[in-house]
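Undergrad: Below is a structure I'd like to ask you about.
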Amino acid sequence: MHIDALTLTDFRNFKEAKLSPERQINLIIGDNGSGKTSLLESIYCLGSGRSFRPGTHKQIIRHDTFSFTIFARGTDEQGDKHTLGFQRDREGLVKIRVDGDLVRRFGQMAKLVPVQLMTPETVELVLGGPKLRRQFLDWGVFHVEHRYIEAITGFNHVLKQRNSLLKQRLQSSESAYWEAKFVELGEQVAKERKGYWNGFEPVLQERLKHFLPQYQFKIQLKQGWDAELTLREAIERNKSAEERYGHAIVGPHKAELKMTANGEDVKAILSRGQLKLFVAAIKVVQGEYLFAQTGVQCIYLVDDITAELDADSQQKFCEALIATKAQLFVSAINKGELPDIITSADTKMFHVEHGTVKEL
Ligand SMILES: Nc1ncnc2c1ncn2[C@@H]1O[C@H](COP(=O)(O)OP(=O)(O)OP(=O)(O)O)[C@@H](O)[C@H]1O
């Protein structure tokens, strides 16, 4: 989908802001603290229900007001029009409207707005903990196969129940019940992730050959238990350790992506700028792969595109972004710092100043 109109009310430093973005490239220009990141953050919230910045949802609500609202009109790949509304107040009450109807589950909005975010912090996908890589994987699986949300939320619920019983060191018919559910949903989650990864990884390899040709990458999905065993067998083998630790030590909640370049951990061998380009490749390909599988375009949000990337890397990244033909929102302090390829394309430019947005 792409966004045709966006209205923010009491969101961060925006009292009210309205913009009508371009179908493809949108540049968000403004000084430090003007609201560029907040604008990207509002679109991210539509796609994920939360911010990408640290802090609570209360910090998103404009100071001295009670709730924020994000309203968007968009068009999907079939040409159908949609309206989306997302409101959250200081007491945590959330209202989500899709095409005018109040919906209970966030997934109903998220599936219409697949968003890929690139900020200087996105390298955490490699440097941070495995949870971030599992979230990245689950984003991809969910957007290609929406029913995955039932398996993953079901599994997370069962994991909590099982961990609570393991912690109490209770062996009962209840434990056997949750263990059986854990195996059933755990195998399902792992199977869906594997299916996604098998399709995604070769496409990523192609992009990496272009972005970072000096390295040979190997990126393997580790499912969270010994690949030679079924989940049931892995649990049996680890029974005494799980009882000792008081939580489940095997299962898809332990899945990980192992990433090496020329045989070494990417964290140890790639420079900071190369890591950024590596993550940029992953992000671009995740959107491209989604489009190839489903015909659905994601929206790319890029904050501070130039940070840590040299001219050649910026060029490669921007070319790849433009080639997706997806809608882009790119922020910068001034237009001059952006690569020519982005500014000379057919773009719309917005100037952000003290919480107001003007189309230039
Ligand atoms: N809840 C809030 N209410 C009012 N203002 C807020 C709130 N949260 C943040 N702000 C202010 O909003 C402004 C915009 O911040 P934002 O991070 O979007 O700026 P930016 O244009 O991306 O800046 P930079 O170029 O420095 O990254 C900041 O001055 C910040 O203090």
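Even glycines carry a Cβ here, placed using N, Cα and C.
If you look up TrEMBL, you'll see 3-354 marked as domain 'RecF/RecN/SMC N-terminal'. According to TrEMBL, the ATP binding site annotation covers Gly30, Asp31, Asn32, Gly33, Ser34, Gly35, Lys36, Thr37.
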Undergrad: Counting across all protein chains present, how many other Cβ atoms fall within 10 Å of the Cβ of Asp31 (ATP binding site)?
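TA: So the Cβ neighbour count for Asp31 (ATP binding site) comes to 13.
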Undergrad: Gly33, Gly35: which of these binding-site residues has the highest Cβ count within 10 Å of its own Cβ?
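TA: Selected residue: Gly35.
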Undergrad: Which binding-site residues among Asp31, Asn32, Ser34, Gly35 have CB under 6 Å of ligand 1?
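TA: By the Cβ criterion, which requires under 6 Å to ligand 1, the hits are Asn32, Ser34, Gly35.
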Undergrad: With an 8 Å cut-off on Cβ-Cβ distance and a minimum sequence separation of at least 6, pull the same-chain contacts of Ser34 (ATP binding site), or say none.
TA: Val352, Glu353, His354, Gly355
Undergrad: Neighbour count, 10 Å Cβ-Cβ cut-off, for Asn32 (ATP binding site): what number do you get?
TA: 6
Undergrad: Looking only at the domain 'RecF/RecN/SMC N-terminal' (3-354), what is the model's average confidence as pLDDT?
TA: 95
Undergrad: In which DSSP state, out of helix, strand and coil, do we find Thr37 (ATP binding site)?
TA: helix
